[in-house]
Amino acid sequence: MLYKGDTLYLDWLEDGIAELVFDAPGSVNKLDTATVASLGQALDVLEKQTDLKGLLLRSNKAAFIVGADITEFLSLFLVPEEQLSQWLHFANSVFNRLEDLPVPTLSAINGYALGGGCECVLATDYRLVTPDLRIGLPETKLGIMPGFGGSVRMPRMLGADSALEIIAAGKDIGAEQALKIGLVDGVVKPEKLLDGAIAVLRQAIDGSLDWKAKRQPKLEPLKLSKIEAAMSFTIAKGMVAQTAGKHYPAPMIAVKTIEAAARFGREEALNLENKSFVPLAHTNEARALVGIFLNDQFVKGKAKKLTKDVETPKQAAVLGAGIMGGGIAYQSAWKGVPVIMKDINDKSLTLGMTEAAKLLNKQLERGRIDGLKLAGVISTIHPTLNYAGFDRVDVVVEAVVENPKVKKAVLAETEDNVRPDTVLASNTSTIPISELASALKRPENFCGMHFFNPVHRMPLVEIIRGEKSSDETIAKVVAWASKMGKTPIVVNDCPGFFVNRVLFPYFAGFSQLLRDGADFRKVDKVMEKQFGWPMGPAYLLDVVGIDTAHHAQAVMAAGFPQRMQKDYRDAIDALFDASRYGQKNGLGFWRYKEDSKGKPKKEEDAAVDSLLAEVSQPKRDFSDEEIIARMMIPMVNEVVRCLEEGIIASPAEADMALVYGLGFPPFHGGAFRWLDTLGSAKYLDMAQQYQHLGPLYEVPEGLRNKARHNEPYYPPVEPARPVGDLKTA
């Protein structure tokens, strides 16, 4: 053994070839600060070996390196800019030393080589991979850019266009594409990876392969003519401006950095990468996006822990076909859990099967599946008008009309046709689960399972624990949701549960703004362009359905009369009474016409102004800041109340439910992250300016207490140790 660290070791393999093996404690390798330092120490040893002929990098895990240790990011990002810059210089000196070894180097990559893992293997001369490879640089999705030389080496290896596509989008790619664009040199079966790697190294050692020529372009300026450079970077900047927009600065900065560094050799190019990375790491966007990643890991880890002793359902059923039922059936079947889809109406069953078939055909068109796979999946969805086969069902989700009487009757009838251990769930969006459970003989086997539309796209499923829901029931439904590829978040029961309970105060803030003379078009524009929602409130109401919102508004008002009961006729009432139901019938706040692809496209409709004039004061202008405050304060207050009342268990779960269920702008990180970034004291000052607008604007007592001491909701993060300590960690 030449060197042994906590996460890697160095040893002779054979005849002058050394192997550097990543083998961290636990299930995966991460390129954390300690591993970077350890890699430097291994190179200290390696550089002294006079009989060294070649170096092989490999992993003892199922994946090569999954990336940097993102749990370190928030504390690293608090290190002063100069110190963070110094540490990056140190880290890059390690990768440069790896790249500058006077012998050929090869990475034998199995599974993932992402982020720092990808940057590490770019520093070697050759990359041999297994077919399950995923390689890429996802840093821009975290609000930063590559910092270990990825923005320097990748463009010089692949050319600007291919590298920009991966780096700006934060993409990872598979083995076939990586080989095609020249990111890897060969693909071999896992059992042949080591022998294949040694064979390539031997060819490089004996001169059959020119490893020095392979290395040289990475040390030089990017080979691009002025015209090529102008075209590549102009197109890339245009694409990034269109897709990322102003709220996500990292992709544009990455493109501009690669452009600026193109005319320099490695050292100066790395300095430019460093100068761009460090300010990005100190942005609120980076903290928010890293926070989302960590929250996602926390939520998924919680679901995994909850289901560790539970068998995943093998047979499911959906009650109620149509778009929602068809969407749930498709998702279950697509992920490998056969499903019976029951309805009392033949037409609905046809609609449900058509929805599932449509989604599968889209996968076929995109080349993700073949006809055989399509037929296999669709054959596991069984439409039926009766309860045949329900004795084999492990879990049933009800997705019938949003009416408590109908839901209770359907659930009670189903309970009589399933096994005593079968779990029942309701896809209700607002009706309290404990109320629906009153119709059942086995309420302990019942809970809520709230999917979001469209089911195949929306990652969140709210799992609602009723008063009598058992732990086993919750665990089974969480297991099914996880198997479906969804992110399940368990919440306690109340009208609207978590997501709709916090959404309707936001809509109420919108209604009050319109009542006071705001133009809904400006409100939509401000909430989309300035705050960053994917849709403004008027557009969102049209998509949800004005009739659906009108009904849900009444349910929420009955559940929370003190805050959500209104004493005036609002814009939603006016549109509902005029049968303007939104996208579903082409008229809402906006008018909708189908585009060439058959998708609804919104247009202005002057007719809506006269309807809204009946429920509004004369038009007046509101500043962007006032619109954002009046829209967001009711929502944030309600989110805080849900945490205080135990409806949601943690700020992390609340923020993920908002991002995954409502499209809360990820660069804000969720309501609690936004609140922490703003500061609770500053938020209280802002909210108090609007408390005259009513109970929705009254700040909860717990938040007032936080504001007195300006305390955050997330645990405070300590800055990483000084850079000198980081080097030798």
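Note: Cβ is positioned from N, Cα and C throughout, glycine not excepted.
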Stretch carrying region 'Disordered' according to Swiss-Prot (options 268-289, 708-729): 708-729
Further binder of NAD(+) named by Swiss-Prot next to M324, V400, V401, E402, K407, S429, N453, taken from the candidates D343, D346, D471: D343
Candidate sharing the substrate site with N500, Y660 (per Swiss-Prot), from D296, D309, D370: D296
From recorded positions E139, V400, S429, the one whose Cα lies nearest D296 (substrate binding site): E139
Other C-beta atoms that fall within 10 angstroms of the C-beta of E402 (NAD(+) binding site): 16
Secondary-structure category, per DSSP, in which E402 (NAD(+) binding site) falls: coil
Between E402 (NAD(+) binding site) and Y660 (substrate binding site), the C-alpha gap once rounded to whole angstrom: 22
For K407 (NAD(+) binding site), the number of other Cβ atoms found within 10 Å of its own Cβ: 23
Number of Cβ atoms other than its own within 10 Å, given for H450 (active site, for 3-hydroxyacyl-CoA dehydrogenase activity): 25
Binding-site residues listed as M324, V400, V401, least Cβ neighbours within 10 Å: V401
